[in-house]
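Copied over from Swiss-Prot:
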type	residues	note
DOMAIN	9-129	domain 'Thioredoxin'
DISULFID	Cys48-Cys51	disulfide bond
ACT_SITE	Cys48	active site, nucleophile
SITE	Gly49	site 'Contributes to redox potential value'
SITE	His50	site 'Contributes to redox potential value'
ACT_SITE	Cys51	active site, nucleophile
Amino acid sequence: MSYNNPANTKGYLVAPIRYLEYKDFNPDGTLKHFRNKTCLVMVQASFCGHCSSAKPAFQNFARKHPEIVCLTVQGDDPVSDSIDRLVKLISTIKPSFQGYPDYLLFRNGVLVPREIDGRSEADLEKFVR
């Protein structure tokens, strides 16, 4: 897990958002490092136009809510050799995952089976409550 974006280029999310890697998950899809925390994960890709338009709301949400750990999975990470395994894991723990962007909510490291209704800050607020 890192605060640094994979390619260190414009358009990537920045701190306080952290980038997740395959090694940050247990084999059962739970998060390793976030017991007793609420975590919001944006699954996104740099080529995705909808992701690009959703990133500012996610970034603002992360800044306004330090009590929630905001994380991201870069679905087209050019540096990671395990991104395919990570996307497959996400598809396994969230069968409704069909593409980018998508959001995952974890409480105490465990996925909360919930779907988000949109990509705005208000939608993110509603999703985590």
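In case you wondered, yes, glycine gets a Cβ from its N, Cα and C as well.
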Which three-state DSSP class does His50 (site 'Contributes to redox potential value') fall into?
helix
PLDDT averaged over the residues of the domain 'Thioredoxin' (9-129):
93
Could you say which of the disulfide-bonded residues Cys48, Cys51 has its Cβ with the most other Cβ atoms inside 10 Å?
Cys51
